[in-house]
Amino acid sequence: MLEKLGFIALAGAAGTLARYWLSGLVYDVLGRDFPWGTAVVNILGCFLFGLVWEAGAERMLLRTEARAVLLTGFMGAFTTFSTFIFESGGLLEDHRYLALLANLGFQTILGFAALFAGLALGRLI
């Protein structure tokens, strides 16, 4: 059990570093006028979660321990829902209502689309 927790923690550290790197890269490319970095990480995270879940759990291509490491460890640290809510709150406080609605709708709709794309791809594996 302790070994499993260690692997989950290491995967969590990797997920955190991947989130930091990718969101920073996106912000460098697209700017910081909109929470693009968080949006990209959340949408990609939804896709990867769907892919790992479908290919790993439903298709039995990953052992239970590997799924725990990937989904709980890496994906738990990689996705940034709390940051999404915090940044949305900032848009609300700044009275940027159109940007707030765009952010909420954009990430929610594309997040669902990415999840189902990942599930579909996982079914093909």
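The chain as shown is numbered from 1 upward.
Each Cβ is built from the backbone N, Cα and C atoms, and glycine gets one as well.
Per Swiss-Prot, Na(+) binding site is recorded for G76, T79. Positions annotated as transmembrane segment by Swiss-Prot, on the basis of sequence analysis: 6-26, 34-54, 68-88, 98-118.
Outside the transmembrane segment (68-88) by six or more residues, the chain places 4, 7-16, 18-19, 23, 35, 38-39, 41-42, 45-46, 48-49, 52-53, 56, 62, 100, 103-104, 107 with a CB less than 8 A from a CB of the stretch. Close to G76 (Na(+) binding site) in the fold, though at least 6 residues off in sequence, lie G12, G15, each with a CB less than 8 Å from its CB. Around T79 (Na(+) binding site), taking its Cβ as the centre, 22 other Cβ atoms fall within 10 Å, counting all chains. According to DSSP, T79 (Na(+) binding site) is assigned to coil rather than to any helix or strand.
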